[in-house]
Amino acid sequence: MNRSATLQGAKPAVRSPKKRLPVAKTIVYIIFGILLVTQLYPLLWLLIYSLKTNEEILSGSFFALPKVAQWVNYKNALGGGKYWDYLTNSLLVTTVTMACVIVLASLAAFAITRFRWKYGQYVMLLFLLGMMIPLQATLLPIMVIFSNMDILNTRLSLILPYIAFQTPIAVFIMSGFMKTIPTEIEESAIIDGAGVLRIFRSIVLPVSIPPIMTVCILTFINIWNEYVLAATFISKESLKTLPFGVNSFVSQYSVNYGAIGAFLVLGALPVIIIYFLLAEKITKGMVAGAVKG
Amino acid sequence: MKVLKVSNWTIAAFVLPCLIIYIGLVFVPIGVSVYTSFLDWNGIVPIGMAKHVGFDNYHRMFTGDSVFWPSVRRTFLLAGFSMLIQLPLALLVAILIGRYTRKANFLVSSYFLPVILSVVVIGQLWKTIYNPASQGGMINQILDKIGLHSWTHNWLTDPKVAIYAIILVGLWQYLGYHLLIQFTGIQNIPADIYEAAKIDGADGFKADRYITLPMIVPIFKISFVLSFIGSLQSFDLIMVMTGGGPAHATDVVAMHMYNMSFLSQKYGYGSAVGTFLVAMCLLVTVLINFVFNRLEKRYS
Amino acid sequence: MKNGKKVLGVVTVAGLLAASLSACGSSNENDGNSAASPEPSASASASAPASSPAASESSGEKVTITFQNIYPDSSDPKYQMLHKIVSDYEAAHPNVKIELDSLNTDQQKLKLKTQAASKEVPDITIVNPKAQMQPFVDADLFAPLNDMVKQNGLADTFQTGILDPYTFNGNLYALPDGNNIGVLYYNKSLFQQAGIANPPTTFEELVADVKILKEKGITPLAIGEKDSWTGSFLFMNILLRTYGPGFLQDVTDGKTTFEDPAFLEAVKAFEDLVKAGAFQDGATSFDYNAGENLFKTGKSAMYYMGSWATGGIETAEVSKDGNVGVFKFPTVGGKGDPDEYMLAPGSAFAVSKNSKHLNETLDFLNYFMLNYPKELFGLKGAVGLAQKVEGDFKAAGYSDMAVTVLDLFKTVKGGDLSFDNTMNPATSQVHLSSIQNLFVTPDTDPAAVAKEHQQAYEDNK
């Protein structure tokens, strides 16, 4: 903590208030530190949890460490190779969904915020409405629709509703950002003779990297752990996703908590890796943002 | 002022692909829900066999359901706490991170972590924090140790405090979520505006007051709406922590809908609750939009 | 170039639109269709006897049977049993593939309800007895199993009367995976520690013992009341003592109401138990497993549960050296017969009437159920089955406690099913929440509890 504070002081940042407010700075760093502990602790807790026996977990003491590290939990979690199948399926479904959401939502957001047309606002409102709709309310009707389209038990039956449920938020976020792009950019592009698609592709998209990354992250976490739709629309073992793994340790009258913990660690790893990779892009995007003005 | 004048075909090509999937899988189902809300239907027999009951479900929901209104109140409580405490806090931290650190990326990412972890983990973790002292609950054990035994509570099973205990978890878990959004927003403010302001003598918090706050309004709105949605849909966390109990003391609207549709097998009635939820969302979204549009106008 | 893209976009859009519109359109038409379509297969099921293995083999056509089940956990004996039988069957029938859709119990219930409305019920699924499966039977979703159980003597493997809760209008629709009774488990060394010699035989003794245990700092009774059926199961046993069997049936028949004195007495007794401090702190936030774990880790002296818990308890730390005993639920106010139990006929396997491979499915289920008790017996999971089990439990290495539980089964003279198996779901939900409420406000006037029940019953008749 302190060390980083002094490091920071050694090479003053452009907008840092230099040495004028060391007290304020210390307080701020203390706040950062406390937050860091509270927000990172769950990961540590989960790691410890994944090494405990069922009894130790259910006894529920907050600080307790496992008597003997139960690596067998990881063996169980990986057992039968299900983890890798589920992981592959999850990655596939999530990637396709993310790609579709980004493309569809950025197109729509661009049209809503930058085109001159009467109904843009209403379309936006329509999307806004959809963000609010709880998944459970649509479960049964979607089942009926898919049953008639005969796509139950396919990856499409997950990807389609995931896209449908994630696009509103994506459109909302993207249009929020696109609104702030100065119109001068397009004006000069039009003078240069650029078409709509080129304006979208070469001018608007590049400066929208930060919101796109934000959307990526939100979409990813929203569907990575999604279980209700997956469990309802998928019955084939070969198509099941990671959340099935977590729930496969829950039987009629007992739950294998340790293995669940281990599975959650294994399931969270890809998310954390991907997340930190994407988050890097957000700060990179800030450079692009600084140039654009 | 928007400058791109394009043909209707172009507009259609940009908007329709997205809109169609969305309408087909979100709006059509909602339409079905609205329809079923006028039925006495258990959700199992063919829908054609269900009896039309007009507004009976709504009438009962508004006048004869002792669980409904309290669950509406709790839903708004959740939203209120999130909007009034979580969002300003996230904004403050976002500003501070932008100002005081160079490696902002690491902090923002770390703070986001609880959002990534499954609700199962979060729920279990907080249960060990809230449990009675005799079961190893952290808060109660600490209170006991520092001689505040009278402050100890069964945080999750006392009907009066349980919902607040859950709200706190929600605030904690999603702080990083809103931080991420608002931080992205702040990063998007062109740096030269700050440079120019600095020359004019506006630095530090003054710059925040006159530049960051007004410029962040559209992004803050995103956070605002997302936090409202999150509160309305809050379901998983409550399910893991209390299951809505004791005796509905932590039920929220989304949960009531689920219970009615699938546990009580009154799908029609559950649909009425769902329709109410959607209508409430519509109303609040329009309201939020209205307020923020005025704010944006004032500042631009 | 640009135009080309536009056109392409529009075409895609139009295609999607058409697809989604046709989907909505056909969703209505198809209700008519699918209502009609089951007829041929239904008649097939009635006329054709469950096909012999040879029949399905000779056809040689690849057949996939989806088996929705609630045994996803590989450490559960039932999981091992399931996979063993399935692979045996697949080996004998190379053209048949059994697709296992293993879900946890809550998720399976939700899934089946969602599937029911669009007639997408899997070939084999899981349902619960009586009131809980009634709506599915009303919706005509299951194939009758009357003929199938006659094949290979399957019907004779079941205990007398156990198929009744799955039989509607003379048609059997499901085969149970178990048959259990409500019993009290107790920790002998904790009883000793508190100076209690024998397990209580009357409710008054039970309350007194609770107070003694509580004073010694021992949690008297563990419960997982976040899953509110657990408290209801216990409450209903009290009611079984104060009223005798058949209370809910009598309510339904109009012979009595929830305002019956016996019901009030049961509520009062239950409140006394809570007020005596019988349950652990924060009981309503403990789920089933966390509650049971208190007993399994030796932290609570008693545990009331269905006999299915025996398997889990006998392998737990607490059972070492025969430390766990079992006793019958005591009499309440001198009333009731301890040989009447809360009866819990298990989850059951039902076959979809619309199954594309009805004959193969029936043939498989017949094979499955014939081998079910045998396989579970070997895996030490045969306590509380609905079928007769041949074999010496003691010799097979079952614990003394398990043998005691099995002996209790022999004393069963009747009893009652749980509330949610008897009453409609809406009334049951009100009941569950009402009982859960007693855990936090045990001072509630019993008359108010009765009134809440009666109101719910009348609203949802």
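Using the three backbone atoms N, Cα and C, a Cβ is placed for every residue, glycine included.
Curation does not apply to TrEMBL; its annotations are automatic.
Features as listed in TrEMBL:
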- B:12-32: transmembrane segment (TRANSMEM)
- B:72-288: domain 'ABC transmembrane type-1' (DOMAIN)
- B:76-97: transmembrane segment (TRANSMEM)
- B:104-126: transmembrane segment (TRANSMEM)
- B:161-180: transmembrane segment (TRANSMEM)
- B:210-232: transmembrane segment (TRANSMEM)
- B:267-292: transmembrane segment (TRANSMEM)
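Long-range contacts of the transmembrane segment (B:267-292) within the same chain, counting only residues at least 6 positions beyond its ends with a Cβ under 8 Å from a Cβ of the stretch, are 30, 33-43, 50, 53, 57-58, 60-61, 68, 72, 217-218, 220-221, 224-225, 228-229, 232, 253-254, 256-261. For the transmembrane segment (B:210-232), the partner stretch with the highest count of Cβ pairs under 8 angstroms, out of B:12-32, B:76-97, B:104-126, B:161-180, is B:76-97.
Within its own chain, the transmembrane segment (B:76-97) has Cβ neighbours under 8 Å at 104, 107-108, 111, 163, 167, 170-171, 174-175, 178-179, 182-183, 185-186, 208, 212, 216, 220, 223-224, 227-228, 230-232, 234, 252, counting only residues six or more beyond its boundaries. Remote same-chain residues near the transmembrane segment (B:161-180) are listed as 74, 77-78, 81-82, 85-87, 89-91, 93-94, 97, 108, 110-115, 122-123, 126, 130, 153, 155, 223, 226-227, 230-231, 234, 237-238, 241-242, 246, 249-250 (criterion: CB distance under 8 Å, separation of at least six residues from the stretch ends).
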